[in-house]
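According to TrEMBL:
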type	residues	note
COMPBIAS	40-53	compositional bias 'Polar residues'
DOMAIN	150-209	domain 'LIM zinc-binding'
DOMAIN	210-267	domain 'LIM zinc-binding'
DOMAIN	268-327	domain 'LIM zinc-binding'
DOMAIN	328-386	domain 'LIM zinc-binding'
REGION	11-55	region 'Disordered'
């Protein structure tokens, strides 16, 4: 640096000397001055010339005699003043400055290359923000007022162009994105949850109720039943596959059934008609009955007395029960509930086992038979002699 300062001082001194020499030109010889005056006299123009270097006024004298050949005065081209020779100090300084310029050019080229490399690695969004900021500054430099439309809720920078108002705040369009997938929402529909924006796809995937049948998110109408959510078209009978109507559904083993299939599959069946028992019923013989179906299996009369007789899983009245059992009295036709007498393949009340002619009770069990009738011995001898 000391050598450079010494070279600059020497260059300055040499420059001052050259300027002093050029500011004091040599005066012209006298004979040249007299010849110039004589030439001016011949053209009838008088110009005062002095050695004083300060400017003097020029007076033009018009005459009536003008020579055609000398209408215009001759203008001499200015002589080029040769540059003073460079001193050794100036030459060294020029060489040093050229070397410095070359070094600055190389450094600038390296800086430009590094800036381009860094710019290529920058995030596109950051580069876009930088471009927008530069554009806004350029507009301001040109005198175009770029009035901010608020500050972006994402980047906190002023919004000068398009703006999106959502969730009570303002956003750059490119900064209003889905919280989950980070895709730009723009003017598309979105959903809000806990103050955050979600695109339709991610919101339904993350938060929408799921159908108990297909496990897919429910996007529109939702049906709630059996403590679960369903697509309306997926809530149907587990047996026949029909969608439930106004009659509703019945549940069995965590599965829904229509009324028809539920009753057919799970309701108790009547012991008489084998149809489902829905409302009023009678319970007898370990099963349920429609009241109108619980009748005698032979005469179909209801049991008004409230008592019945069972035979082979069917209810019977007393008469038909004993008839099927063969315990009706052959004499009176009434059931035998106590002691009975068996004779001729029939059963009799003891009081009804009598002689067909004299009606005497055959208590001792001795009788005679004729034409399927019982007779005592005396009556038989009288009526049927040998």
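Heads up, the Cβ atoms here are built off N, Cα and C, so glycines get one too.
Note that this is a predicted model, so its numbers are computed, not measured.
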**Item:** Integer mean pLDDT for the domain 'LIM zinc-binding' (150-209)
**Value:** 87
**Request:** Over the span of the domain 'LIM zinc-binding' (328-386), count residues by DSSP class, listing helix, strand and coil in order.
**Result:** 10 helix, 17 strand, 32 coil
**Complete:** The DSSP breakdown of the domain 'LIM zinc-binding' (210-267) into helix, strand and coil residues is 11 helix, 16 strand, 31 coil
